[in-house]
Amino acid sequence: MGARASVLTGGKLDQWEAIYLRPGGKKKYRLKHLVWASRELERFACNPGLMDTANGCAQLINQLEPALKTGSEGLRSLXNTLAVLYCVHSNIPVHNTQEALDKIKEKQEQHKSEPKKPEAGTAAAADSSISRNYPLVQNAQGQMVHQPLTPRTLNAWVKVIEEKAFNPEIIPMFMALSEGATPSDLNSMLNTVGGHQAAMQMLKEVINEEAAEWDRTHPAPVGPLPPGQMRDPRGSDIAGTTSTLAEQVAWMTSNPPIPVGDIYRRWIVLGLNRIVRMYSPVSILEIKQGPKEPFRDYVDRFYKTLRAEQATQDVKNWMTETLLVQNANPDCKQILKALGPGATLEEMMTACQGVGGPAHKARVLAEAMAQAQTATSVFVQRGNFKGIRKTIKCFNCGKEGHLARNCKAPRRRGCWKCGQEGHQMKDCKNEGXQANFRKGLVSLQRETRKLPPDNNKERAHSPATRELWVSGGEEHTGKGDAGEPGEDRDLSVPTLNFPQITLWQRPVXAVKIGKEIREALLDTGADDTVIEEIQLEGKWKPKMIGGIGGFIKVRQYDNITIDIQGRKAVGTVLVGPTPVNIIGRNFLTQIGCTLNFPISPIETVPVKLKPGMDGPRVKQWPLTAEKIEALREICTEMEKEGKISRIGPENPYNTPIFAIKKKDSTKWRKLVDFRELNKRTQEFWEVQLGIPHPAGLKQKKSVTVXDVGDAYFSCPLDKDFRKYTAFTIPSINNETPGIRYQYNVLPQGWKGSPAIFQSSMTKILEPFRKKHPEIIIYQYMDDLYVGSDLEIAQHRETVEELRGHLLKWGFTTPDKKHQKEPPFLWMGYELHPDKWTVQPIKLPEKEVWTVNDIQKLVGKLNWASQIYPGIKVKQLCKLIRGTKALTEVVTFTQEAELELAENREILKEPLHGVYYDPGKELIAEIQKQGQGQWTYQIYQEPYKNLKTGKYAKXRSAHTNDIKELAAVVQKVATESIVIWGKTPKFKLPVQKEVWETWWTEHWQATWIPEWEFVNTPPLVKLWYQLETEPISGAETYYVDGAANKETKLGKAGFVTDRGRQKVVSIENTTNQKAELQAILLALQESGQEANIVTDSQYAMGIIHSQPDKSESDLVGQIIEELIKKERVYLSWVPAHKGIGGNEQVDXLVSSGIRXVLFLDGIEKAQEEHERYHSNWKAMASDFNLPPIVAKEIVASCDKCQLKGEAMHGQINCSPGVWQLDCTHLEGKIILVAVHVASGYLEAEVIPAETGQETAYFILKLAGRWPVKVIHTDNGPNFISATVKAACWWAGIKQEFGIPYNPQSQGAVESMNKELKKIIGQIRDQAEHLKTAVQMAVFIHNFKRKGGIGGXTAGERIIDIIATDIQTTKLQTQILKVQNFXVYYRDSRDPIWKGPAKLLWKGEGAVVIQDNGDIKVVPRRKAKIIRDYGKQMAGDGCVASGQDENQDME
């Protein structure tokens, strides 16, 4: 493909360029006419290669001639061009197009008048032209005989399959190898494919489908065939299964022939297309050019995927024309759009050559191209060839718009005219070339004016003219070169000893080309070296090279030597009209020249809005004149630096901005209120989950602390997302429209900035960390800590290397914040060589405190508690409980004042922490402070704390010290793992006996590491102990309470075994409170020992946890009474079960309060529970029991009294996700699978924990339920090849959990426990374990209700799968309906209206939406057609010829 610029060479090209387009005209044929003709021939599906010879041109003319009468002007021009080209090839002298046409006409007439020569040997010639590789060949007798496929052909096919598998290339390869083959030959080819049986099965299915379709469309004739007549082939005959080779040959050579081979080939290609689609699942729509991907690589991927697409050639052509450009990256897209819609692939690839490099370079090229194109067209139209507008330019800094005497940049050393040092420009006596580029441009202008007028239009499209047009400033002429002018570019790497060229000016150097010395621009953006007219030795050949916006004609000299600053290289030099001599990459790469940008582009992170959301459209609120002025200044500066860009009214989004004054400064700071955009932006995963702590630092000999300047503003923002960051600076009194900007970099205050910056910074530092493993770098946001055990000089040298590395990526480390000497201020801490502390904290002294003041105060105290032990904030926090305004004044309580005074005393003495020594043991010591507050210290040596902290979280309303202590230990252990990666040894203020007494009853509360007892008052103790057995001789109290929900009136009382009883009335109470009141009453009325029997699980649960403090006054009173007693036994019995004392007290407290309910079904529920051990929800549902009764039945079962329940986290609950795990019981292995969304269970005892058994179980599971994903641990059976193969075959995705982290397998781990619990309850009902397992699975799936919807796991999984299918169908239906447009007529208006959007289609009417209005139209007055989209619809589209029902089904 592509334009052919080398049709003519040497003298013939000169002959071509001497021929005029018209008789008497001024314009002559040029090389561009050949390029245009070849492009047009491609459009007409003709081979442009035929233009290379006279015979080829004659064939093309004969082909086009019949269409000339009805053809367009373009077709006639093409025929004329080919006629002239034919004359040039045939050496027929002509002066213009008309003469060429006349000459060809004469030749055609001569040819007609010549007698025809005998055609002897034509058959032989024809026969020789036929490839002998075809299976059907003609023998000497003229008969068509079959020649089997050669082993070489079959071997080539097998090799293709082995190497390419089923890539798109396989289809053209198959077509080429099977040209003219019979079905038998094709089956031979398919049979040679050994592997890929799955693909072959798919192919077989496609062939069967097509054969069946053939039989349907070609029914067999009825009755016997006449003698001598051949039968018509059936579908199976075409596939070669029921036909002989002789029959196949006869069908293919009959008159008329039935090409059974071609038909079968077509079927095979259909099947191969389907296989290729499966093996290459990438859609053409997904092929997009990466930001740094070369255009050539992108085109290769595009066409490779296009070949796999199952679409007609027309659709593929459309894809090529539109998608190739649409999915290019922004830099290439801008260039491709400028080339126009008719550009060939060769032109595209030429124009985009080198653009796939750094984004900065590509952006510059694209901008220059856009500017040049618009500028040249205006330039030509106006005829402004008289001169170019000159702009003033500074000799000092090279920028436009001011003179050197007004320049604010530092004065450049040396003379501004010649560049030499020792004198200034006014004293310069050197009349040679100027140091800057203006003199060269002036001479070019003079030369340009000498151009002949008839060449102006053509020259306008050449790079020479374009360069002159844009060369008023270096903004355009310099950007495409090796650098940009400006103060940021004078950066060099001091460690390199190579020649360096400063980029204050464009990098122009004296270069020796052949024997001549010329000034040339070193351009790393140019592929080729192009020099203006120079005499070189050797032969040359003509060539066209593509500039941006056009082509120029040059002479190509090969093997030319060039000397650049003492370095020699040999390569190709192009000589032609160029505005500036250019040394391109073909020479620069040979001499090792590299372009070192101070800001190399960081790869942008793609960002999107949340699905279904649009950008923010929040109006800008009014601002004062002072703030508007400040914002304008700030934004003007930011725009110069490229951080923001101006935008027009086409951007509909807006975010409000405002300004505040900086602390201790008169300067203003711009703030953007990104709250609305943050709500709409996708979620990000924070790369760092917390901040580093100095206690985790190891002591280092040398330390440096630095700061990254303008951190966020050094990272580019995704181009497609920038529009959503738009904001507006308003004007006073709406004097002018607001100035609109959008961000090009990460904005402050936007939710994605921290995560993107952290990710980018980590990638940038990674190579440096690998290079210097002896250096430790802590990086959190823009703070850097660099530590090492190197000598200080060597350390600082490495730090400077790090600064240089960051600078290459555009990150500066300002000297102002570069700390070389201790103490180092880092992350709010103060670091000394052998200790650390928090930066000095001063607590404010205030008369009046607001909520905001208290919040800041608590924050400071929390920060200080890292190193100051004993800090408390509980009473201060109580002051700001509830929802209060930030400015609301707070009145201090006495406790809060005391707490603040204590904290002030603690902070008076400065305290320090030490650094971590990996060789020593970590120890954590915990003390109780009272009022639910705890403090702790972590150290390695006594009195040298690494870190301190406090804890004051109350996790439940009723608690005790041991519960809190367990929570403190867990917090300290977690903190230690985060900072040091291991848990410390604990010293706890509790005795072993007290702890173990609690622990035996409440072991499920939490996990506790190794610990030892420390006698640090106040000691933690249990204030009372409940007896485990009834106390003989003590009075037994049956207690009960009841309340009326409506009146809130209640009664509480007790009955004793000695005949005593008491009932009290209570107001404003609940059932639970009344039950507790009854226990309190019994405790108050009893002696030092008592047995208490209650029917309240609630009361029983609270008191059994042995709290020593509670937020409930009632529970507090019970605790006080329990502490006074010597011994108390508390027991529970189910209510309403005919238990003597319980029944009597129930009758006492129920009178007038609640009606006694006759609860039918209790016995049946109990029987079922004894058999299946159903949970309370299942029984409450199945037997219509109140929840409390069902719970009491479960609670009274000794097999169901297991302690503790698992706490659940969040896991993937998609409908197709299952978790698998192996658990062990009775020395056997049980493989368990849990449907995560429903809790449905499948389990089986397997003989061995092998991949084979696991794979078999997975296949059985997949055969019963729709399994999409299985989540397993990293056990050897799950990671085996057998399991992977089973998952691949069944189309199941396999995911793995996190090693040594059971939470990642939460659902199945929990189900293992549940399964074992159920097995334990019913084990005595089964002889074998495998029977018990299946019984337990049945009970869990169908006899236990609860969870979402209160249904069983079996009901839930069926409901989830059914809902998923319905949802998918509904979505598909909605999408299908949306593909149709409706044309309709109103009742009185005969004109068809539309197209409208189809919302719903019924039998008698349709619901449509037209311009926002929803209408119901009778079915007979509506036409429904498929909407093929604007690009697909053509003139031949017949809307009414659709079967809408079929399309919509």
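Using the three backbone atoms N, Cα and C, a Cβ is placed for every residue, glycine included.
According to Swiss-Prot, the feature N-myristoyl glycine maps to Gly2, an assignment based on similarity to another entry.
Counting residues per DSSP class in helix, strand and coil order gives 20 helix, 2 strand, 14 coil for the region 'Interaction with host CALM1' (8-43). Taken from Swiss-Prot, the feature region 'Interaction with host CALM1' applies to 8-43.
Per Swiss-Prot, region 'Interaction with host AP3D1' is recorded for 12-19. For the region 'Interaction with host AP3D1' (12-19), the model gives a mean pLDDT of 86.
If you look up Swiss-Prot, you'll see 16-22 marked as motif 'Nuclear export signal', on the strength of similarity to another entry. Residues 8, 28-31, 34, 84-85, 88, 94-98, 100 of the same chain sit 6 or more residues outside the motif 'Nuclear export signal' (16-22) yet have a Cβ under 8 Å from a Cβ within it.
Across the range of the region 'Interaction with membrane phosphatidylinositol 4,5-bisphosphate' (73-77), the DSSP-based residue counts are 5 helix, 0 strand, 0 coil. Per Swiss-Prot, region 'Interaction with membrane phosphatidylinositol 4,5-bisphosphate' is recorded for 73-77.
Look at Swiss-Prot and you will find 105-128 (among others) tagged as region 'Disordered'.
Residues annotated as site 'Cis/trans isomerization of proline peptide bond' in Swiss-Prot, with similarity to another entry given as evidence: Gly223, Pro224. Under the DSSP three-state reduction, Pro224 (site 'Cis/trans isomerization of proline peptide bond') is assigned to coil, being neither helix nor strand.
For 445-492 (among others), the entry in Swiss-Prot reads region 'Disordered'.
The domain 'Peptidase A2' annotation in Swiss-Prot covers 518-587. Across the domain 'Peptidase A2' (518-587), DSSP helix (H, G, I), strand (E, B) and coil residues number 3 helix, 42 strand, 25 coil.
Within 10 Å of the C-beta of Asp523 (active site, for protease activity) we count 23 further C-beta atoms, all protein chains included. What Swiss-Prot records for Asp523 is active site, for protease activity.
Annotated domain 'Reverse transcriptase' per Swiss-Prot: 641-831, in sequence order, evidence recorded as sequence analysis.
Residues or ranges marked as domain 'RNase H type-1' by Swiss-Prot on the basis of sequence analysis: 1031-1154.
Under the heading domain 'Integrase catalytic', Swiss-Prot lists 1211-1361, citing sequence analysis as support.
For the region 'Interaction with membrane phosphatidylinositol 4,5-bisphosphate' (73-77), same-chain residues at least 6 beyond its ends with a Cβ under 8 Å from one of its own Cβ atoms are 40, 44, 64, 67.
Here the Cα atom of Asp523 (active site, for protease activity) is found 83 Å from that of Gly223 (site 'Cis/trans isomerization of proline peptide bond').
Residues near Pro224 (site 'Cis/trans isomerization of proline peptide bond') in space but far in sequence (CB under 8 A, at least 6 apart, same chain): none are found.
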